[in-house]
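**Student:** Next up is a structure, given as structure tokens.
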Amino acid sequence: MHVTQSGSGRNCEPGVKIWCALDWLFVTERSAGRSEGAERPPHGSARPGGRTARTRAAVLTAASDELDAGGFAALTLDNLAARSGVHVSTIRRRWRTVEGVVVDLLAQHSSALPTPDSGDLRQDLHDLAQTIADFHGTPRNRNLIEAIVAAAAHTPRIAEIVRGAFTARTEHVTRIVGRAVARGELAPDTDAKDVITALSAPFYYRLLILREPIDARLVHTSAEAAYLAARAGAFGDFPEH
């Protein structure tokens with residue numbers, strides 16, 4: 001297993017990359033002299049079920065509600081404090097900024113998404129497409145993604161964290177392709193990330209560029225296109241000229 005280290009020196013396995021990225025953000029802030037005494041974000045490793053967990057749950061719930069009410073532009077630490085009942089100084093100490101809260105909210109949602117394993121590639125890809133559609137099917141989750149994109153557009157450090165979060169999730173679901181290769185459904189040189197990208201990209205184009213809802217046809221065509229292209233060898237080794 002590949003293991004990296006965060007800026008805090010904590011070992012980072014692939015499944016916890018988002019937390020390592022958050023650690024890096026907070027260590028960077030401290031080293032720049034902008035957050036003396038800042039704590040790590042409360043991602044459940046400290047006092048599970050205790051005050052830390054309750055504080056995180058309250059603030060993330062408040063963030064979701066605020067995004068529903070006014071979008072990212074209306075999200076402020078003061079509003080989060082008022083809605084969550086958590087003092088603004090506590091929120092600032094643990095997350096530093098509203099962007100930090102939004103990234104933590106992304107991590108919470110990402111960890112809850114299942115990875116299909118039906119034993120059949122086509123079915124797995126259709127199940128994955130449906131999972132993506134279900135996640136983005138609610139206004140709350142659409143608001144979250146729009147907030148993440150907005151935060152990343154204005155803060156390079158947040159952009160790197162968000163990129164890492166999506167990369168980690170992609171690496172996780174590439175197991176679908178790896179299992180298909182092992183079963184002989186796909187050629188050994190199939191690029192698993194390309195398969196997952198081909199499946200998922202149409203959803204974000206529809207949501208963020210066209211700003212149109214996801215429908216059953218998109219779920220079907222994205223899964224089928226990725227499956228047929230993979231079976232045809234479109235994601236194999238690219239010839240260099």
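For all residues, glycine too, the Cβ spot is worked out from N, Cα and C.
Below are the features listed in TrEMBL for this protein:
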COMPBIAS  32-42  compositional bias 'Basic and acidic residues'
REGION    32-54  region 'Disordered'
COMPBIAS  44-54  compositional bias 'Low complexity'
DOMAIN    53-113  domain 'HTH tetR-type'
DNA_BIND  76-95  DNA-binding region
**Student:** Can you tell me how the residues of the DNA-binding region (76-95) break down into helix, strand and coil by DSSP?
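**Tutor:** Once the DSSP states are binned, the DNA-binding region (76-95) shows 16 helix, 0 strand, 4 coil.
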**Student:** Taking only the residues in the DNA-binding region (76-95), give me the average pLDDT of this model.
**Tutor:** 95
